[in-house]
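Listed features, source TrEMBL:
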SIGNAL    B:1-16  signal peptide
DOMAIN    B:120-412  domain 'Peptidase M14'
ACT_SITE  B:GLU378  active site, proton donor/acceptor
Amino acid sequence: MELPPAQFPSRRAAAVAVAFLRYRRGGPGRALRLRELRRARTEDIKDVGHKYYLELELEDVLDKDSTVNCTAEVLYHLGNKNIAPDVQFTLEGELKSTEEADHVFYTRIRSLEKELVAENIPDSHGHVPPELEPLHLLAWVASGYLVWQNSTENTQLQLAQIKHVKQVRRSDEYLQFDYLVLLHEMVSQEIIPWEMTVLWHPRDGVRVTRESRQPGHTSG
Amino acid sequence: MRLVLLLSALLGASLALETFVGHQVLRIQTRNEEEVRQLQLLESLEHLELDFWISPSAPALPVDVRIPAAGVQSVKAFLESQGIEYSVLIEDLQDVLDKEQQDMAESAQRERSTSFDFSSYHTLDEIYAELDHLASEHSFVEKIQIGESYEKRPLYALKFSTGGSNRPAIWLDAGIHSREWVTQASALWIANQIASGYGSDSSITSLLDKMDLFLLPVANPDGFVYTHTWNRMWRKTRSKNAGSVCYGVDPNRNWDAGFGGPGASSSPCSDSYHGPSAESEVEVKSVADFIRNHGNFKAFLTLHSYSQLLMYPYGYKCTRPDDYAELESLGRAAANAIKSVYGTTFQVGPICSTIYQASGGSIDWAYDIGIKYSFAFELRDTGRYGFLLPATQIIPTATETWMGLRKIMEHVLKKQD
């Protein structure tokens, strides 16, 4: 069944697909976001769940002129809400290489005398100090994992803010950052604190190795 | 020996100093103790009138020194002959001072005329001061008090009226959800746009010649102050909930339209808590009373963020309003107008199918009491910054949003005849 892109079911599915994609393809030098949802179709698979077929146009936030087309499938499983939706995607064409920016960031962090610590990114006014922008992007990319793992047809999760980030030095070649982030769940409008440990290496990409939803934000 | 020569040269050329024309500030990078000693010697020669901004102490630290014009070449020659590295921090100190004076004068001037910087986020006090300023600058702009918040802050709105008596009116509010900072900021810009556009902008002029406009830039002042002082992500009012540790009610679930239905929570700790009863929140009741008492509103427009959506009723039910076709068409026209500025796309549709089912919302209430042109905007962005939209995007957001609002207002005006 064809779905109008203006309506929320297709947009929520698209958001999940893009979150997953951003996680798989992103890094401190690249974050993809949805420019346009071209087409959406849904299929009810008996005893399995709802499947969405999506045609997307994505853009690189660091290079808005760089767009790439993508087809994606999102399957929300029936019943058990603790299973993450299945997401598959195909990108048409190549993404710009971020090798140089990645190398610069990697060596910069590795050569820091003291482990990096930062808070409130962006700040209340939406400002991100330029030298922290890669850390901001890395969080947005890694939060794609959280979004993917915790999405249902009745939720729409976004990264709202990094409350705290701390670099953790490792004996191996990976960079490790322990984040406390705030996620915004659009449907309930709740703000949810979430801890996540993020590993990154220019060669291997981003990995969330540990994540833990924290007890309630504040309604006090 | 070289030092003695330098000494004489400078003594010979010294003048009574009244300005800093030609004075240079050098930054000297010493590499060892010997070089530090050289500079300390230089420093001790008082009649050279060298002014060390950072005194020589250890090799690793830079030394900054202001040199009177007459001595600049000699000191540089001395440093070069000793192989001591330096760079020029300030080429001509007087230039820098002159610029600083100019900047300060301009700033003071700006403070006397318009101190309001529309491209940054402001506190409640700053916003209220600007409302006073706009009202004082324009005879057809009046600051009125709609009511009071839970914590007893005034709810100030601007009334734009060029005459008549209870003319058909348009309502515009922002900041009902306090964390949506780009909305209060945009509302201020839009207020200024309208105030300064009357008489020069034909659209604004024809509108205000026939209709009144009421603009409430901070519909939830308690929440707004809370986002500045305690929690940037606060959404609700700050009313105390009986029997709960949690504060606040979602003011956009508290209107008398499908109140308590799907899409609102009955838990006081929830960010979409509808409250104990419709219009329990004084912020909501004040506006509802005002609009009911006025009796002649033709449009009800409200600003939210984020998601880039332009919506009309209904939210509390998923059935189409009677005026669906006209509202959909007008919504699309407004979205196209928005898009024409920077290419920003807004999705258009009824609340229920566009974002989610939500009961107790303001535009549903307005529509059901007969205000046909009721629209809710969700402004920039689509999630990259979300509520924390960079201040650099305030004016672009306000500009494009205004184009959409204008489109709607022009249509409403046309329909008055």
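Any Cβ shown, glycine's included, is placed from N, Cα and C.
No curator has checked TrEMBL annotations; they are predicted automatically.
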CB contacts for B:GLU378 (active site, proton donor/acceptor) [other CB atoms within 10 A, all chains]: 20
Coarse DSSP state, helix versus strand versus coil, of B:GLU378 (active site, proton donor/acceptor): strand
Reported mean pLDDT - the domain 'Peptidase M14' (B:120-412): 98
